[in-house]
Amino acid sequence: CLTEWDGVSCWSAVPVGQSQVVSCPDILHVFKKSKALIRRNCTESGWSFPSPPYYNACELEAIGSNNDTEAKASYFVTMKVLYTCGYSTSLAALVLAIGIFSCFRKLHCTRNSIHIHFFTSFILRGAAVFTKDAVLFSDESVDHCTMSTVNCKAAIAFFQYSVLANFYWLLVEGMYLQTLLLLTFTSDKRYIWWYILIGWGVPMLTVCVWVLTRLQYDNHGCWDDYTSPYWWVIKAPILLAIFVNFLIFLNVTRMLAQKIRSPDISKNYKQQYMRLTKSTLLLIPLFGVHYVVFALFPEHVGVDARLYFELVLGSYQGFLVALLYCFLNGEVQAELKRNWRKWQSSMESNVFNLATQDFTA
């Protein structure tokens, strides 16, 4: 049975004798709060009828009314406006943060280089979301479920790469913090190339394997279906990064607690550890710990929460990263103040020289 759009749901291709189960489509599920599942069997004569029918499973008696249609349209328009504003805000903040780290020589170090790569992964993720929307939803008359163009597949591949890179640079941040504690705040520039290989190389290798697999075995639609078994080529590395980061977070918390309690640590170092502890607690969302809540659940579970978190709250994550790592960073603030005072002093000196020249003339 080939991939089929029945006017309500998209059914992925399956062999004869197998069945496929979907939940009520998101556009109905969000408003009717129905948890019913619909099943279709693949027979020798083709797809069977949905069981139970949509009008029973999803409570569609009143769905056809104008008020419901307008409410659904308004809901998704609002969602799109919110995450568009979120990603735009994040992109502006991240670009500014990269500019600050790049312009001031005193801020050039291994730690900030990793931050710049991390910021870039968020920028790529925001750009990928906008690209995906532009390619898949530019023409409302086209059914993106059955669309199978090179452009849409490239947009989905770019989106998956940016998501993977984002998770793996999240992992690199956790690894670097652990290394920093193990080496007692001594960083080694040799590690930066291993971090770059993990942050950009692993996602590239994963996406290449996924693209080749889809081209060979499941080259249907636009590759944005999460019911395909080949989706695990992307999902498994993401889950691995999430859980490794979670273990790193627990280990970092344990090490910090030990160092703060140790009588051999001077007061100066204890203050550094306390600051790092506060930063770690603030950076819990950035370690991906909250993703564990959704990680092992099927895609149709918790659709409402996923929509709000991934589209709306997730869009502001880049802004939060820039805020914590750059704008609220004491070292960055001190360097900005120093350069501001230097610029003011230079301007006052220039004004004095000009006034002196006019007076002597």
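Backbone N, Cα and C define each Cβ position, glycine as well.
Unlike curated records, TrEMBL annotations are generated automatically.
Taken from TrEMBL as is:
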- 1-62: domain 'G-protein coupled receptors family 2 profile 1' (DOMAIN)
- 79-329: domain 'G-protein coupled receptors family 2 profile 2' (DOMAIN)
- 81-104: transmembrane segment (TRANSMEM)
- 167-185: transmembrane segment (TRANSMEM)
- 192-212: transmembrane segment (TRANSMEM)
- 232-252: transmembrane segment (TRANSMEM)
- 273-296: transmembrane segment (TRANSMEM)
- 308-328: transmembrane segment (TRANSMEM)
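By the Cβ criterion (under 8 Å, sequence separation of 6 or more), the transmembrane segment (167-185) is not in contact with the transmembrane segment (81-104), since fewer than 3 such pairs are found. The average per-residue pLDDT of the prediction over the domain 'G-protein coupled receptors family 2 profile 2' (79-329) is 81, rounded to a whole number.
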